[in-house]
Structure formats: structure tokens, C-alpha cells
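Novice: Pasting in a structure now, in C-alpha cells, and then I'll have a few things to ask.
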């Protein structure tokens, strides 16, 4: 070991016996560590990416290729046939429209009712806001089954079963905890001094909220809207229970109709339809990427 | 874009700046406004969340059934007495616990590793960061379908790869095997949930003081030593809260396994939420299914209390 110690280090003014063997080992260790880190990163990349690649590849394979015993990673003759078959077999476009309407309306309403509430919960520290925060946490704990049974009965009395507006209402309530939680972190970032200045200038509280706080919240609002939209677009359980008529069903539910048939040739349209269903969420997530990580920075760590 | 920079939540922005007594009085004096602001959110929450929940809890003590005109009657704890003897439910409950514990633990371990890696200055870090966000954006139904394609016994890539590597004969029917279905499903759960945990942990890592790390490195502390003495104390509260949340979400999870196996083969992957769903919407036993839901909440609550008690104690001090 001592032979590996560089001359400069041996000539250090006051050689202390203990730390001396450390530097070369650390340097070697660091290089090995780096290699190890890249190897680990590669493993993660493979684990994360291979199901995605397989889905994409399956979506572009011809039925004959899908039936072959020795499938390849990449389609030999990429084709759009699966997409056409998928669109023919199931009312995908109609389902996408349903999803778009339901998720869009739910996201808008949810954020609209949550903005004043999030503001009140941050600025008025009292029993109400503590109860609100408590509810946000507790509502996460209940299994959906316990929520859906009474909800089903309530909605039935209101004639909102098997109806898209009924699903919107459910999604509003269901996305609220997360929307509130996200918005609160944005409201906290608005300096109180700005509001106080507005108050001194004679603004009422609602006026302050509208013309001072809201403009500053705008980027956060957009991010929250997109997140609520993606959450509602991806939702499956409530849509499965509440929508029975195929013409009203959303994308998630329609996708499960493909899974009945198990033949290898049907895998292609299934993969193609799945890809189509993921596009809107992916687009929004690409736009949100920085903000999500940033939002987590303030929200999660504070928790 | 300056507005973006101004509103981006900063560490430390959460603590309210000191206010004058007059300002505080003004804030308190406007409590009527607070109610007014809360009302739009409060009404739907009370009508469609709190109300139904209380109603659901009360249903657990009745013999309510779906679509029956006959009136529902109060049956006391009979549902729970029946449930105690329902071995199928307890099988499902045990499977749910195994699933939730395994998925949560593996998610945490893998996410911690990935977060530590992404916190280093590595090349291709951006690729991993982007890829790690993709599962988060996907509908759970699509994730289920995608893994069915991977696990497909004939056309799936997993069997094909194993065959080429000469590891197995390559005809394993992962999702239909009594012994392999649950592990196979757990892998999917980990894949689906890991990204979110990674992002949360990565955010937590940003709070680890860099100077302490450097000081420890100069003092000759190895990577493991630095992790246990510098990183872990800062990260621990984040790990505890995300693990608690993950456990709840996993235990209550439904869609992923519904698409992958529908609870099969032979109920080996039938999570309690799938069991209760079938009881309620296939057999119409609303009261009985509500009782199951209540038992699930109770168990989650007890486990969480035990798990979080230490943290609550620390917070009190």
C-alpha cells in the first residue's frame, strides 16, 4: 500500500500515522465508485425503459410478426395497421373526447374552488385551516371501496349514475386534496408584504386576492390544472363503477375492453390504443417536469 | 418568465414573516372572509366526501344491498362477525399486506438508490430523470396492459430474453402461475410507484447540507459513513412520510392488479380492494363490502400509528 502513496503526500510537513493510507485508497475507491455508479444507473435505465420500449415496439408490429415465436426488439416492418384496427374495433376517439371533457371540466372546477380555499388555509391560521389540512391527509387513508359505495347510492338518488357530469363531480372531490396541497405551497410563496401594501392602498381582501395574489399564482395555477387533468384522465376505478354505457365511458375503461381477447394478434391494437391513451398525459408531464420537481421541493420536504 | 421565478416555492418560504400586531389583528378580524373563501371547496367536500364516508361507515352496520327495493335494516356488528369467519377475506387481506409491504419496501430501497445516483454529477442523469417521470404520467390501466405484454408467455419479451440467455426454458406463464403471479405483480407495483418516491427523495436530498458532506469527506469518512451520519438524519423525516403514504396507497391499490390478473390465479393476487369491489358490485352486498372497507382502514390506521409514533414523539419534543 505504501508504495502507492504519492511522493507529495509522503512529504507532507507533519505526517500523522492514521490518515496516511487513506488518500490512495480513496482515489482508487472513487474511480471504482464512479464505475459502480454508472453500472447502477444503467441497471435503472434498463428497468425503467424496457417495458416502455416493448409497448412502443408491439404497437408498430404487423399481426404476422406478433404471432412469431421469436419476437424481436424492434419491428422488422413497422406499420400503422394496429392503430387503424384499434380505432375500428373500439370507439377510441369518442372515449378520448369523453375523457377530455370529464378531465378538463373536473380540473377547472377543482382548481377554481380550491384557489380561495388554499389561500384561506395558508393565510388564516385557525381551527378551520387545521381541519382542512387534517382532512387532506385523512382522505388519503380511506380505501376507495368505502367511498364509492355510499357515493354510488347518493349519485343514484341524484340520477347522476352512468352520467359524465356525475363523474366530473366525483373527480372534483377526488382531486381536491392534492390540488389544495399543491396550491398551498404556491400561495405560501406569495409575499405577505405585497398584500399588506395593497390593503394600505385601500384594497379589500377579495380585491387583493383577485388583483395581487391571483396574477402571482398564475404559473402555479397552470401547473396544478395540468396535474389535476392528468390525474382525472388516468383515473380508472370511479369510471369503471360509475359509467356503464359504452358511449359514455372514458379512455381507461375502454382500454380494458380490449383485454378480453387474448390472441397474440390482438396484442398490437391493444398496445396501439394504450399508446394513444398515454399521449395527453405524457405531453402535460413533459411541460410540467421542472415544476413537479420544484413543487416537491417545497411541499414534500416541509411535510 | 420573471413571474415564474418569483412564485416558485423556495425553501424557507413556508414560515410566515413576522407581522405587526395590527396586521395580525386585521387578519383575525376578517375570519368571516375565511369562511367565505373556504365555502366553495367545503360544500362539495362535505356533500361528496365527508358525508358519503360517514354514510359508508354506517352502511357497514346494515344489510344494505344494491338495487333492492326492500328496506335496509340495522344489523349491528353481524357483518363483522361474518367477516371474522370469512377465510377468503382474510386470505385476501394477507395477500394485501404482503403486496403492500413488499412494494413499499422495494420502492423505497430502489428509489433511494436512484435518488442518490441522480444527486451525483453523472452523465446521462437527465435521461434517467426524464425516464423516471414517465411511469408517473401513465394511466394505471396502460401500465397494467404494458406489463401483460412483457409477461406474455409466448410473445412477451421477458420469456424471450430468458430463453436467449438460456436461463429458463422460456415458457413461463408469469401471471397465471400460482407461485409467480404475486411476485410478478409486485414488480409492476414497484415499477409504477418508484418514480414518485424518487422525486420526493431527490427533493429531500437537496436539503442535505453540502458543507457537512465535504467536512466529513475531509475527515476521512467513507461514502457509507457519510450517508449514515450526514444524509440520513436530514432525509429521515421525508422517508418516513413518503413510506407511510406509499403504504396506504399500495394497500388500497386497485386498478393495476385488476388489469394485470383480476385477482387471479385462484385468488392469489386478489387484493382486499378487489375482493370488496367484487362483493359490492358483482354480488351487490353493499353492507358487507363497507364492513371490509372499514376493517381495511382500521388496520392501516393502527399500522400507521405504530409506524409514525416515534416521529410524532420527536415532533412533540
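Here the Cβ of each residue, glycine as well, is placed from N, Cα and C on the backbone.
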Novice: Tell me which of B:153-173, B:174-194, B:195-215 corresponds to the transmembrane segment entry in TrEMBL.
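Specialist: It is B:174-194 that TrEMBL describes as transmembrane segment.
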Novice: For the annotation transmembrane segment in TrEMBL, which listed range does it cover: B:238-260, B:261-283?
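Specialist: Of B:238-260, B:261-283, TrEMBL gives transmembrane segment for B:238-260.
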Novice: According to TrEMBL, which listed range is transmembrane segment: B:67-87, B:130-150?
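Specialist: Transmembrane segment, as annotated by TrEMBL, spans B:130-150.
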Novice: Should the transmembrane segment (B:174-194) and the transmembrane segment (B:97-118) be scored as in contact, given a threshold of at least 3 Cβ pairs under 8 Å and pairs 6 or more apart?
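Specialist: When sequence-distant Cβ pairs are counted, the transmembrane segment (B:97-118) touches the transmembrane segment (B:174-194), since at least 3 lie under 8 Å.
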Novice: Applying the under-8 angstroms CB criterion, which one of B:34-57, B:97-118, B:286-308 scores highest with the transmembrane segment (B:238-260)?
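Specialist: That would be B:97-118.
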Novice: Please figure out which one of B:97-118, B:130-150, B:286-308 racks up the most CB pairs under 8 Å against the transmembrane segment (B:34-57).
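Specialist: Maximum Cβ contact count belongs to B:286-308.
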Novice: Would you mind listing the long-range same-chain contacts of the transmembrane segment (B:130-150), meaning Cβ under 8 Å and 6+ residues beyond its ends?
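Specialist: That would be 114, 118, 156-158, 175, 188, 191-192, 194-196, 198-199, 255-260.
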